[in-house]
Amino acid sequence: MRIVFKTDYMQDIRPWKDRYQLSLYLILLAVVFAAPWVLDVFYLGELTNVLIWAIAGMGLMVLTGHTGQASLGHAAFLAFGCYSNVILLEAGVPFILAFPLAGVITGIIGALVAIPALRLHGIYLAIFTLAMSILVDDIIVLTEPWSGGVSGKYIAGIDLFGLTIDRWGTPMLFYWLVLAVTVIVTLGYINLLRSPLGRSFIAVRDSEVSAQAMGVDIARTKTISFGLSCMVTGWAGAFMGLFAGAFNNETFSVVISIELLMMIVIGGLGSIHGAFFGAIIIGFLPQFLSIAKEYVGAVFGGSTVAIPGLEFGIFGMILIAFILFEPMGIYGRWLKIRTFFELFPFYRKDMFKRQKSYLKTERLR
Amino acid sequence: MDNVQLLISGLANGCVYGLIALGFVLIYKATEAVNFAQGDFMMLGAFVTIGLTNTEYMGLPFWMALPISIGIMAGLGYLLDRLVIRRMFGQSQTAVVILTIALGFVIRFVAGLIWGHEPQTLQNPLAGREIAFGGLVLGMEDVAVIVVTVLLTGSLFLFFSRTKLGLAMQGASQNQLAAYYMGIPVKRVQGFIWALAGAVAAIAGILFAAKGSVDPSTGLLGIKAFAAAVIGGFGSLPGALAGGLIVGVIEPFASRYIAAGYSQIAPYALLLAVLVFRPHGLFSQVRVKKV
Amino acid sequence: MSLLEIENVTLKFGGLTAVDNLSFSVEEGEVFAIVGPNGAGKSTVFNLISRFYDPYAGSIRFDGHNLLEVKPSGVAAYGVARTFQNIELFEHATVLQNLLVGRHRHRRTNLFSEILFTPSARRQELENREKVEEVIDFLDLQAYRDKMIAGLPYGVRKVVEVARALATDPKLLLLDEPASGLSVEETTDMRWWIDDIRRQMGITVLMVEHDMGLVSGVSDRVLAMADGAKLALGTPAEVQSHPAVIEAYLGKAS
């Protein structure tokens, strides 16, 4: 049993509760930093992919997990980020400028999209963003002169501080670049959550009327949330482009949007941890399934045929299981396990129980 | 004449969208949940019927297979509510949306496992027959689709606005607890509605598979139908049909008069426009929440 | 000049007149109660002050400002805080976070200083925390500081809502049925708290309440409403014995 005694307000303001917790996160960071020396190229690539998804997940988490605006169209912003990054690079802008700008441009587009979306709630917002995501495919085809349309675009390595960073040529450097951005975004996110703006996001999510009564401007808050969310998503998109090396109008399809939303739900809505847990699931599920298939094939003889849709089917089942049995996602389960050990042997089963609420109509808002 | 032909085939397509949209609205009206898997239900309904009638599967007579597959889908709808949706009692609308999207993935996966990923057509007695009508040549399937859809929408509309049970179902959606206190068996009502939505999906699937071919990814049509439901104003049955028809008609005309690629864009562009100018659809029911 | 001045305010929902040509003013430092049967338009008056509704006619002035010129979120900036009849807390946040949202109107930092968490943002957080701790001490919420709202019992939520309103450091506190659903002991606590809010903190209180014991115990003046209109205005004793009020509650003597 571990008890954290609080003697200073800074303990609640600092991102970590005590030195023990801080040291755990520092060790984690050191392990992740050292990973390229341990892992082979394939798994390093997978880990890079997980980090990129985690950035995208954090982008969507700001909007959906903390501001309560479900978006089924974030692949559109991945696309905006990816294309603007590559177009800027092709125009001769150095990466150190092009990359941040790609995020900023995507963020501005996101904030502009927020203006009509402000009046929409729940499912209406979901279908609005979903339609947007579907249309992006066609927009890319229609803007062929810039986007390359159906034939798509290619991007090889980038130059940063005199180093050539390439996903295939120098996977370690690429990994560290992604890791650095992940850490920066995570720190910014932590800071956001411990400041008034992050709290106003939560306020808007939980009760718009009382947020207003506390002086929170709903329209402004949602617009900022959209902007920040899309900026971070844009960065993830830029990395996805660099990671894939080639992309076209079908790379950022609606399915990616849905996958991203499901990912943060599985990870745990309303927590930064959730974005990472979800990214780990989505990143390693295909590997896990192919290993499992080989194993099954080895035991029952032979059948290693590809089953189309298997990944999504399994993913869907995992999600259904989580929504039914652990609505707070992996993070929620993790909190319970942690509390169990911290309070051992005083943990009670009903500790995380919520009051039962009945659904009232959402037509009245 | 050409335009009329285009209009009729658009209407027939629109009717299928309308029927899926009807399923969305039915569930939304009575339970306030949004079943994003409705399109996949339709696809499943089509495959169940194909599995029963087509000669390479069971080869039952068409008219015998119809009620069986409608019954199977109604049962599946009921079971889904019983085993999954009911546990979501009190959770947010968005959670149900995400759950049903996941469900759609699972249904597509299962359908792919059973019936494969090749497009298949339902063998039916109407196939290939045509009626000539004052210079117009209409496929029997198209006519059947339109007639069945109008009849079904009409009777469901009357059911909800005229019968006691229908009104009770609407009450259940507005406030579950209050409806429960008023003696409405909320859970049974919900189960019935999901069964009804399953049956409607089966009918839509049968009509769709009779007109064209289905494969597991046909379920994604649900997204377009959902757009149609929103355009028509979620929560109104005739509105859902109207939205479906608008989407169905706008597609062939957009590709004829603008450019081929626009038949995909048009419905969603229209949806965005509707949402921007009438945020809650053309026949909105949303009012300001009382505090 | 009074702190809050409501003049000839009328609000219509379709054909229904929810508030009918209502005028009253609240003086600085008093506890002012609005009573009346259900549907009399009491909460609607609060929602008008909070700018959730636009009045059809009339004016609402607070502390020299025309409230009808500001957005709903601008009302808090002038120093008006409120609670809600059916508790509107931020369910999936801790009590501490809820109270800190109350400090939102005092925010001096911007997006950039917050994301970098500059020393000024840190200072502001410490100040906010100190203010919030004062409220926590005042309302005895120490035990619930880090608890999620979603798991709290009803009575505690009611108090947290008052605390969140107090955390905004208001000049005027609007309490919408502060005692509804509370036990006798909790109602007594609430009574002393309202008294202390006025005396120790110097905050003017405007409340809607059904519990006549609480109303006559703490309020200086009472406004009785029925069907959106003013029935009587005066001290609790005057209003309770007013013939029109008795008629509205008990029906006409035949």
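Backbone N, Cα and C atoms are what each Cβ position is placed from, and that goes for glycine too.
No curator has checked TrEMBL annotations; they are predicted automatically.
From a predicted model like this one, the values you see are computed outputs, not experimental measurements.
What TrEMBL says about this one:
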- A:20-38: transmembrane segment (TRANSMEM)
- A:44-63: transmembrane segment (TRANSMEM)
- A:70-89: transmembrane segment (TRANSMEM)
- A:95-115: transmembrane segment (TRANSMEM)
- A:122-142: transmembrane segment (TRANSMEM)
- A:173-192: transmembrane segment (TRANSMEM)
- A:224-248: transmembrane segment (TRANSMEM)
- A:260-285: transmembrane segment (TRANSMEM)
- A:297-324: transmembrane segment (TRANSMEM)
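Within the same chain, the transmembrane segment (A:260-285) packs against the transmembrane segment (A:44-63): three or more Cβ pairs sit under 8 Å, each pair at least 6 residues apart.
With pairs at least 6 apart in sequence, the transmembrane segment (A:122-142) and the transmembrane segment (A:70-89) have 3 or more Cβ pairs within the 8 Å limit; the two touch. For the transmembrane segment (A:95-115), the partner stretch with the highest count of Cβ pairs under 8 angstroms, out of A:44-63, A:122-142, A:173-192, A:224-248, is A:224-248. Counting only same-chain residues 6+ beyond the ends of the transmembrane segment (A:44-63), those with a CB under 8 A from a CB of the stretch are 35-36, 69, 71, 74, 77-78, 167, 171-172, 174-175, 178-179, 181-182, 185-186, 189, 192, 201, 225-226, 228-237, 239-240, 243, 260-261, 263-264, 267, 269-272, 274-276, 278-280, 282-284, 287. Listed by sequence, the residues of this chain that lie at least six past the ends of the transmembrane segment (A:173-192) yet keep a Cβ under 8 A from its Cβ atoms are 15, 29, 32-33, 35-36, 44, 47-48, 51-52, 54-55, 58, 61-62, 160, 163, 165-167, 198, 201, 228, 232, 235, 239, 242-243, 272.
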